[in-house]
Structures are given as structure tokens and as C-alpha cells.
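Chemist: Sharing a structure below in C-alpha cells format, with a few things to ask.
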Amino acid sequence: MSQAALNTRNSEEEVSSRRNNGTRLAGILFLLTVLTTVLVSGWGVLGWMEDAQRLPLSKLVLTGERHYTRNDDIRQSILALGEPGTFMTQDVNIIQTQIEQRLPWIKQVSVRKQWPDELKIHLVEYVPIARWNDQHMVDAEGNTFSVPPDRTSKQVLPMLYGPEGSANEVLQGYREMGQMLAKDRFTLKEAAMTARRSWQLTLNNDIKLNLGRGDTMKRLARFVELYPVLQQQAQTDGKRISYVDLRYDSGAAVGWAPLPPEESTQQQNQAQAEQQ
């Protein structure tokens, strides 16, 4: 091979080597540029997401049927946790627990976030069927809970009383005795059970029944049987039935009270009309 050909070949190899080195270097530089861009962008996005000034949870949407819960109840519950977080950082489970603990009349609450700045809260309240020991309420499942008095003052509900932890037992007795009385158009206004399981009832006409312990349904049936006779005697004497004590094997002890003035006048007018 001639010297000229050899020189030409070496020159081509040098050019090719320079090109390969240049390409490799360009590839490395490009990769480093991409990685740097990704890292910087990722850091920037993370900071942007955590920046409460960029994505604050500033809108509150409440759903669900509400009778006792006010918007401010929920707002104050959330604010008690401190400054609201961002869409990405706020833990909805913490808000849910906070509402359940601060608002005892809430049966169920679900909290979720909606992009970009909305907090949606769905509430389910307990539905009371009676008042329990004056300070609380009880629902159909025997759950007791409290509601601010000013929000329940207009509700007319039966009154139930019993030892602590006996709400289910009292509620069951109230239902059973109420169903029996309803057949004769009586309504239970109040039912109370003592720690010794002794029962006292108050009817819608304010007659008090003392049933004592045991055989409550049998004693209640005795009252229903005696009532027409007692009512007739009350009208004859111009009095009203105050209480009926049924803690006997048979019969009952009856307490009488004067008629209210308006009822007494009405009864006198009715008697005079019948005589004319």
C-alpha cells in the first residue's frame, strides 16, 4: 500500500473518531440537560402544590338533609384545626373525625376534595323519635345524642327516662306499651323506668300510670278495661283522673284532681244544656 493511501486512511479514521466522540458528548450533554430540567420542574411543581397561597381550599360545599347543623358549625370545626391546607396536603380524614367529635348529632359524615379548591362535605344527622333524660335525644335504633337546646325547642317529642345505658330497653318498652294503648286511642306522652325496672307512664291526657315491676302489659290491659268506668265517675263528680296505681293483683288505686277552670265551666254548661 502506498504512503498516500495509508495517510488517507488514517485521516478518515481520525475524522470518524472525532465524529463519534462529538456525538457521544452531545448525547451526554442532552441527557444531563433533560435530567436537570426534570429535577428542576419536579421541584417547582412540588413547591407549587404545597404552596397554600396557590391552591388553598377556599370553597366549602355542604350536602345532605340538615335540621340542626348550621354552616358555621362546620366552618368552625374546620378552622379549629388551624389554617386549611392545600388540595394536595389536606387530610380529609382529620376533618371528618373533627366534625364527628364536635357535632354529636351527626350520624355520618363524608369529606372529599374536588379540584382545584373545593371541599365537599356530606352530612347525615340522627333522626330523634324521643327525648332522653331531658338532656339528650334517642333515635329509632336506640342511639343517644345531644343537640343544642335552642335548636330543638319547637319539637314536640315524647319523653323517655331511664338509667344510663338503658336507652334501648326503655325504647323497646315504650314501643310495646304504646302500641297496646294506641288500640284504644291513647298516646304515650312519657315513659320512665327506674333502676329496679319499675315503670311509670304519662298519657296524652296527663293521666299517670304506675305499673311497678313485672306484668306491665297485663296491668296496662287492666287500665284499659277500667278506664271507661273511671272516666264516667270523673264526669259525675266533676273531677279528672290524676293517676292510676296498678301495682295490685286486681283493681287499682285512683287519684283524683279538680278540673281546670276552663274544663269545669265547659262541663257545667254542657250539664245545663242537657237539662233544658
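The backbone N, Cα and C atoms fix where each Cβ goes, glycine too.
Note that this is a predicted model, so its numbers are computed, not measured.
Not my notes, these are from Swiss-Prot:
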TOPO_DOM  1-27  topological domain 'Cytoplasmic'
TRANSMEM  28-48  transmembrane segment
TOPO_DOM  49-276  topological domain 'Periplasmic'
DOMAIN    55-126  domain 'POTRA'
REGION    255-276  region 'Disordered'
COMPBIAS  266-276  compositional bias 'Low complexity'
Chemist: Report the DSSP secondary-structure composition of the domain 'POTRA' (55-126) as helix, strand and coil residue counts.
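Modeler: Taking each residue of the domain 'POTRA' (55-126) in turn, the totals are 20 helix, 24 strand, 28 coil.
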Chemist: Across the topological domain 'Cytoplasmic' (1-27), what is the average pLDDT of the model, as a whole number?
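Modeler: Summing pLDDT over the topological domain 'Cytoplasmic' (1-27) and dividing by its length gives 56.
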